[in-house]
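Reading through the structure tokens given below for one structure.
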């Protein structure tokens, strides 16, 4: 039931096959990367590779990358890509960087799956924990997912955030809370929203402390690790200031996400709502939307305290729906973490409906966008309507996984109810 034993040779072959597939798509279809980079489902104003290239051009010519209001990404990405050979002359090095990040993310998922944490946390052990997929299967599902491959070829910077989040989870499970906080700090620096993952990640790190170095007080542990996050973020901000020579990057990166000043279409729910919003109400509804997004953190962390990894997974799904600038990269990360919970799949009720909605919107989304932007036979309502259906499918998946996890816990508490029907009222 565990999907087969993952030997070193099989795992290396899996990673090699995934790398070769991506490199083949990059080289055999030279127009594909630029095509996918321009897709609003893949690139957003805060992750776009094209905008990164514009910022890099300004940076290399000693001009502030934030002049012109196009570049909205973290300053430290600029020296990273500046170290690579010119993309116009030798794009293969950029391709290899994105392939390597995908492989690092897959290996992190492999380690999470092999740790057994999804089925047996420090405070709860599922009776179905043996019905799981191996790390090899989880990594394969991630590496060969169409969403993951399209994201890699489209080269958004969201892949770096996803990689940092997964490695933060790996460090937390392995009893290295400082490493987990450092990885989360990098993710928060790149995209800001991962900072909301701090409460469940703190609990996961606290539960998995190594016996010889355990801190008994949760408050002391939390304070220490919050200090680590603050220190690392302070260091990253200071380095960003040294690179750019000003604090202009703060409103240009995080301010854009907080205020939604760039209303470019995406697969999220915010952009069209604020296009139609009167300016006098804009500040109020921005606060409401952000409050709604952050309200899930405390509620889920308290309710599913015994399984903090579940909370992290559910929050990733919620972010894929409700954050200001979502993309299919967020969907790819969420689906990868959902696959860790193979043992509760029999308890889920809407798998066929969710799969149908996701397939339906995956094909119709680009078609509706084409009708609106290129054919001129539709309007913004066409595309926004299909993004609402996309959000509905993800919402059903989040709710269904929550139900399955809670049902699993409930059957442990009340064994006499195993297999009996439940009605929600």
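Glycine is no exception: its Cβ is also placed from the backbone N, Cα and C atoms.
Per TrEMBL, the features are:
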type     : residues : note
TRANSMEM : 12-32    : transmembrane segment
TRANSMEM : 70-88    : transmembrane segment
TRANSMEM : 133-152  : transmembrane segment
TRANSMEM : 186-206  : transmembrane segment
TRANSMEM : 218-243  : transmembrane segment
TRANSMEM : 281-302  : transmembrane segment
TRANSMEM : 309-327  : transmembrane segment
TRANSMEM : 347-369  : transmembrane segment
TRANSMEM : 381-406  : transmembrane segment
### Summary
With the cut-off at Cβ under 8 Å and a gap of six or more residues from its ends, the chain residues touching the transmembrane segment (309-327) are 41-47, 112, 117-118, 121, 151, 156, 158, 165, 169, 173, 193, 196-197, 200-201, 203-204, 257, 260, 266-270, 289, 292-293, 296-297, 300-301, 333-334, 337-338, 340-341, 391, 394-395, 397-398, 401-402, 405
### Query
Counting Cβ pairs under 8 Å that sit 6 or more residues apart, are there three or more between the transmembrane segment (186-206) and the transmembrane segment (381-406)?
no
### Query
So which residues does the transmembrane segment (133-152) touch in its own chain, when a touch means Cβ under 8 Å and the partner is 6 or more beyond its ends?
2-6, 10-11, 14-15, 18, 21-22, 25, 36, 42, 98-99, 102-103, 105-107, 109-114, 158-159, 327-329, 331-332, 335-336, 339-340, 342, 362
### Query
Same-chain Cβ contacts of the transmembrane segment (70-88) under 8 Å, 6 or more residues past its ends?
45-47, 51-56, 58-60, 94, 97, 157, 160, 189-190, 236, 239-240, 243-244, 249, 252-253, 256, 262
### Message
If we skip the immediate neighbours and take only residues 6+ beyond the ends of the transmembrane segment (12-32), which ones have a Cβ under 8 Å from one of its Cβ atoms?
### Response
91-92, 95-96, 98-99, 102-103, 106-107, 136, 139-140, 143-144, 149, 152-153
### Beyond the flanks of the transmembrane segment (347-369) by at least 6 residues, Cβ under 8 Å
39-41, 146, 265, 267, 378, 382-383, 385-387, 389-390, 392-394, 396-397, 400-401, 403-404, 407-408
### Query
Who are the chain neighbours of the transmembrane segment (281-302) in space, where the CB to CB distance is under 8 Å and they lie at least 6 residues beyond its ends?
193, 196-197, 199-200, 203, 258-260, 270, 273-274, 308, 311, 314-315, 318-319, 322-324
